[in-house]
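S.K.: Okay, handing you the structure first.
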Amino acid sequence: MIFTILNVLTRAMLVMSMYSLTTWDSTSRNDMCFSNDSPLEGLVYYWETHSKRHDYKKQESQRCRVGDSDKKMITNVTIISLISEIQKSISELSLSCVNDDNSTGQVLTFNGLEDTIRGDYIVDCVTGLYQSDIGVGVGLGRTHHGHQQMKNKAVVIDEKERMISLLETQQSENDIKMQVLMSEIEQLKNQLSKKRNERGQEKRDAEKVMSDLMARNSDLRKHNDILTAEISQMKNKNTIQRNKNTVSTTVVPAILSVALLSSSVAPIIAAPPDSPMINPWPHAKNRVGTGMYKYDENDDSGCRPIRYGVSCIGFDFMLKMDKYPFFNAFIGHKTPLESFADKIIEKEEETCEIGTNKEFKCFEERAYIKGTCPTNINAVHYIDNKGKLRYVKCKENLEMTEDCAFCRKIKKKAGQSVQVQKTSVPLQDAICQENSDTYSGPKIPFKGVCKIGLIKYKECKFKTSSYETVSFITLKEKGKIYIEHLMLKNIEVVTNVSFVCYEHVGQDEQEVEHRALKRVSVNDCKIVDNSKQKICTGDHVFCEKYDCSTSYPDVTCIHAPGSGPLYINLMGSWIKPQCVGYERVLVDREVKQPLLAPEQNCDTCVSECLDEGVHIKSTGFEITSAVACSHGSCISAHQEPSTSVIVPYPGLLASVGGRIGIHLSHTSDSASVHMVVVCPPRDSCAAHNCLLCYHGILNYQCHSTLSAILTSFLLILFIYTVFSVTTNILYVLRLIPKQLKSPVGWLKLFINWLLTALRIKTRNVMRRINQRIGWVDHHDVERPRHREPMRRFKTTLLLTLIMMTGGNACSNTVVANSKQTRCVQEGSNTKCSITATITLRAGVIGAESCFIIKGPMENQQKTISIKTISSETVCREGSSFWTSLYIPSCLSSRRCHLVGDCVGNKCQSWRDDQLSREFSGVKDNHIMNENKCFEQCGAIGCGCFNINPSCLYVHAYLKSARNEAVRVFSCSDWVHRVSFEVKGPDGETELVTLGSPGTKFLNWGTLSLSLDAEGISGTNSISFLESSKGGFALYDEGYNEIPREGFLGEIRCSSESAAISAHKSCIRAPGLIKYKPMTDQIECTASLVDPFAIFLKGSLPQTRNGQTFTSTKDKKTVQAFTNGAIKALLSINLDDHEIVFINKVKNCDATFLNVSGCYSCDYGAHVCVKVKSSESADFFAESEDKTTVLSFPIQSGTHDYCQVLHFQKPLVDERLSYSCGSEPKLIVIKGTLVCMGVYDFRNKTGGSSTVVNPSEGAWSISNWFSGLLDWLGGPMKAILKILGFIAIGIVCFVLFMILIRIAVNSINIKKKN
């Protein structure tokens, strides 16, 4: 069964890669094809068999060649080696052996294709399908069909020897490859060794740095010990001095404040602030207040209270400086849970238990906050919108997941009694304080925000949501308030500062195993509460507030660094909040409507089609530039700002009519607008004629009788004026007499000469007549023999030549010849294979270039037409970047000296990328930011115990003012590209856009374009902008690679998303944000260039240096109008393309409709015909001299078809024979064309689109004159009519001169009177 399935699958295989063996003689031809895996024995066997069958192999040697090499005599013994070369080849290769006259021969070819079909088969040469097995056993030399072994043993021996030599050659090649691979392996080993050495050196350097740090740490510890000893000595001296002096002073504490506080915060100096480690302050677990980190009495005993050396998972997690940076910056303040235990804040009565309480209200606010939890805890807490503590816990023995959203049960480890600790962590990085202020001011706004969590600020139609780290405060009776710009200050006041006290374990003379400290409440000190027994001493702040000199102390008390009151700048006032911190919460931000909206249609604009162009009136905005495009041709107009503009007609639209797309740029604060105008077709004479211009005079067919008389009069007046000026100049130069000064004198002289010549001619004629009739005496005179001149008919030949009509259809047409086409009959159809490379000129815009493929029968043809759609000079973009409008925002925090990061001269060396711990909660926003530190005043007057300068830390960031961006780019070059509509031989249509050089692969062949064109210059001082919403603009500033302040591109991003989000990967000019520190707060400003204002002002189209810039047809880049021209050559390549001609007669009837346009011009004339056909076909018409050709595919039914033709004379009268596959019929194209003139004196300051292959044939006076004669009815009628108009013009001129003279005389008479 399996073998049967395999056999069926094998027969269904389609072989692509194959060998083909062709043998022929004078009587027959045989073709056989084999699969790719066919063995050498099989190929040799069938080569020998076919040779014998066709009686071809009779000589001992043959004339053979491999591939394109020269033919050589090759013996039959060595022919197998050549077949082996074909069998081994991986590319297309052939072996051919033929006789001298090619009457007999044999060819073995490999097509060079690839497939995955395995096996040796005989396949169909056309379809590639399996036919049969090859029938030759590999290496056996026999066939399965009973063929005998090859008789020529010498051939077998030679073949084996050749195979041995081939194997030896292959072995040598493998040895060479092996050597190369071994050398590469050695190089890789050397590189690996080098890398290992480098890593070893880096490791040694790191160990060296680590040893240096450890040594430095050791030095710091020694310095700390020395400093502690000095402080102790100074304490003793101070105690003695106090005993001596009963009057206490504040001078000594002030002097000692620096040293004493250095002792208390020295451990902080040893740990860098950015280190993601546990808070290094040794008294972090000596909490201010009761130190009860609990929600109820069931919480972990290690948290009730927090003590030295006792683990509390929840609080220990908060000491991680990367998780709660704000809390660790204010370690001397209380956590929210401690504040609840100390009655500072209240709790929500309802406790949420995950899995029990399914009401969403319990978790509604929690759902918007994102947090991180450690393992082995069962609860979280947070401050809700009411400013109260809300508690969320899991069921018994379930732990909170890492995202603090779910609960899970973990199996206990062996010997473990409790797996999950009953403690919690906060979802917010916050601290709380006592005695907060109340606030009764207005609602705190949050700019650009719709909603934060459950707090709604405004309704937004368009918004975006994301999790952000937002600062917040809580106030009494106000609840939680989110703050956009957090500005805080931390002051130190003796009357409002917290102390932590401790004693040493073992100082009561009981032995202890480990050295440790023990927490003591400050309220246990006798000097604080007289009912207590503990004798306490402390640092200078503690001793300044309490009397430390009563007796020998038991307990040491120090003030908690940064535990002084924390104030927030709220609406310009400093408020002491109840709690302050950060939370990562879901924020809905408003998405503003884009300022740069896509180009809008101007529906209210008014348009009118006038003789000189399209008149457009705006709805109030002032138009500066306009671009009109139709049928691929564009023209522009530029003017001073005005509410109306007249745009010239592009191309022949003034007479042809149709839709015109118009783009208008204006001075209003919006992008350019677009409108579509439809103009009706008009008579060519009315559209393109003028009276006082030379081409108006030349368009004789457009003149009426009155305009002809007026033209004649003006022509005579012009001649008279020129003649008068010339004769007067000659008279002044004494070159002519006075009698010839006036043109009338010259006219009299001409008439006298004419009459004299006529009289002499008459006299001579009369004399000859008298001599013939004998009225005069005869004299015998020998008559000379005159040779009769040959009649050349000069006049007739001239008139014949000038009356010939010139015309080109399809712009350029090439007909395939017999060498390019090979046809065979297949049933009722004809199958033709064409291989050709044709080069022809591209047509002007709207015209077509055609390649006509004719079949073997009359009127069989296929056409490849290439219609030129448009031509553009487009920008080749250079460097680019994205940018937007950015505004700065600042956060600030002032810390006293030796508090937090304000240590030593650290503020002076603060780096822009160094973030203070107060703002570490916002470090994950990934936006452009910088950090500053400004030294401010110190000492008690500025709320500090230390007289050294305090530190004002600033975290500034930039954010995009709008949710959009613009791309700025330069044009390194301007290149030409042309769009074509290509119709294949089977009627398939495809739109192709090509540059030079460019090639398009089509299903019938390839189309290539080569251009001869000049680029444009003068654009280096211009930059271009592209909106993310669509549209382009121009800016009169050169593109600079480096961002500079005060220029476009002060901030540059690599992508649109990076620009909108103000990502930190964007580069920016230095010093963009300006700072003004004011003791407790900062004012930051930035004056950045607004790219959106630039875009609106320079929205395309714009005109610079006589060139108009606008967007391309596909709206992907910028193009320029330059009034230029290009020469375009098309190359069509067909390689064995098959075309089927259906041997069926197709009838059609065609009627000429009209012809309109111009002659001897670039635009050509539109010839339109109406064709009726019962089915789809190819219409073909040509004149007898084949100079005028029409060719296009037609559809069934009756339709109108138009093509652009080029004529060289104004009167068109062409007789064409047309056919759609049947007998040819007659069609006559008849009409008149106008002369448009080479120059156009209308305003063209903006330029027009590039002309493709402008007309090389100049205006011809002979063609014009022949058309004039035909139009006037023939030579004789033309001469009489012209003389008549001249006579009428002279009469009008004489009357005009008489009237002038009468008017002058009457004026002179009035002056005399």
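Cβ coordinates are placed from backbone N, Cα and C, and glycine is handled just like the others.
According to Swiss-Prot, the feature coiled coil maps to 178-237, an assignment based on sequence analysis. Feature annotation from Swiss-Prot assigns disulfide bond to Cys394-Cys407, Cys450-Cys460, Cys501-Cys557, Cys609-Cys679, Cys823-Cys832, Cys875-Cys971, Cys890-Cys1084, Cys896-Cys944, Cys902-Cys951, Cys907-Cys933, Cys1148-Cys1220, Cys1158-Cys1161 (among others). Among the features that Swiss-Prot reports, N-linked glycosylation site is placed at Asn76, Asn102, Asn496, Asn1154, Asn1243. Here Swiss-Prot flags 250-270 as region 'Internal signal sequence for glycoprotein N'. The region 'Golgi retention signal' annotation in Swiss-Prot covers 731-773. Among the features that Swiss-Prot reports, region 'Internal signal sequence for glycoprotein C' is placed at 793-809. Annotation comment: Swiss-Prot describes 896-902, 938-949 as region 'Fusion loop', evidence class similarity to another entry. According to Swiss-Prot, the feature signal peptide maps to 1-17, an assignment based on sequence analysis. Taken from Swiss-Prot, the feature site 'Important for glycoprotein C and glycoprotein N subcellular location' covers Lys1311, and the record attributes it to similarity to another entry. The topological domain 'Cytoplasmic' annotation in Swiss-Prot covers 734-791, 1300-1313.
Context for these features, please: burial, neighbours, distances.
M.R.: Take the CB of Cys394 (disulfide bond) and look out to 10 A: across all protein chains shown you find 23 other CB atoms.
Cys450 (disulfide bond) falls within a strand when secondary structure is assigned with DSSP.
Long-range Cβ contacts of Cys501 (disulfide bond) within its own chain (separation 6+, distance under 8 Å): Asn286, Arg519, Val520, Ser521, Val522, Asp524, Cys525, Cys536, Gly538, Val555, Thr556, Cys557, Ile558.
Around the Cβ of Cys609 (disulfide bond), 17 further Cβ atoms fall within 10 Å across all displayed protein chains.
Same-chain residues at least 6 positions away in sequence with a Cβ under 8 Å from that of Cys832 (disulfide bond) are, in sequence order, Thr821, Arg822, Cys823, Val824, Ile853, Gly855, Pro856, Glu1138, Ile1139, Val1140, Phe1141.
Neighbours of Cys875 (disulfide bond), defined as other CB atoms within 10 A of its CB across all chains, total 22.
Of all Cβ atoms in the shown protein chains, 19 besides its own fall within 10 Å of the Cβ of Cys890 (disulfide bond).
Taking Cβ-Cβ distances under 8 Å and a sequence gap of 6 or more within the same chain, the neighbours of Cys944 (disulfide bond) are Ile491, Glu492, Cys896, His897, Gly938, Ser950.
Spatially close to Cys902 (disulfide bond) yet at least six residues away along the chain are Arg895, Cys896, Ser950, Cys951, judged by Cβ distances under 8 angstroms.
Around Cys907 (disulfide bond), the same-chain residues six or more apart in sequence whose CB sits under 8 Å from its CB are Cys933, Phe934, Glu935, Pro949, Cys951, listed in sequence order.
Counting every protein chain shown, 21 other Cβ atoms lie within 10 Å of the Cβ of Cys1148 (disulfide bond).
Taking a C-beta cut-off of under 8 angstroms and a sequence separation of 6 or more, Cys1158 (disulfide bond) has the following same-chain neighbours: Leu652, Ser684, His688, Gly1164, Ala1165, Leu1233, Val1234, Cys1235, Met1236.
When Cβ atoms from all protein chains are considered, those within 10 Å of Asn102 (N-linked glycosylation site) total 8, not counting its own. Secondary structure at Asn102 (N-linked glycosylation site), taken from DSSP and collapsed to helix, strand or coil, is coil.
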S.K.: In this predicted model, what is the average pLDDT of the coiled coil (178-237)?
M.R.: 70
S.K.: Need the DSSP three-state call for Cys944 (disulfide bond) to compare against my parser.
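M.R.: Reduced to three states, the DSSP call for Cys944 (disulfide bond) is coil.
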S.K.: Let me check the 10 A CB neighbour count of Cys407 (disulfide bond). How many other CB atoms are there?
M.R.: 19
S.K.: Please list, for the topological domain 'Cytoplasmic' (1300-1313), how many residues fall into helix, strand and coil according to DSSP.
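M.R.: Breakdown, helix to coil: 13 helix, 0 strand, 1 coil.
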S.K.: Sort out the residues at least 6 away from either end of the region 'Fusion loop' (896-902), same chain, that have Cβ-Cβ distances under 8 Å to it, and list them.
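M.R.: Cβ under 8 Å, 6 or more out: 258, 261-262, 265, 273, 329, 490-492, 561-562, 916-918, 938, 943-951, 953.
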S.K.: Which of the recorded positions Cys394, Cys407, Asn1154 has its Cα closest in space to the Cα of Cys609 (disulfide bond)?
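M.R.: Sorting the recorded positions by distance from Cys609 (disulfide bond), the top entry is Asn1154.
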S.K.: Could you tell me which three-state DSSP class Cys832 (disulfide bond) falls into?
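M.R.: For Cys832 (disulfide bond) - judged by DSSP and reduced to three states - the answer is strand.
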S.K.: Counting only residues 6+ away from its ends, which parts of the chain sit with a Cβ under 8 Å from the topological domain 'Cytoplasmic' (1300-1313)?
M.R.: none
S.K.: May I ask which of the recorded positions Cys450, Cys460, Cys875, Cys1084, Lys1311 is closest to Cys679 (disulfide bond) if we compare their C-alpha atoms?
M.R.: Cys875
S.K.: If you count other CB atoms within 10 A of each CB, which of Cys679, Cys896 wins among these disulfide-bonded residues?
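M.R.: That would be Cys896, with the highest Cβ count within 10 Å.
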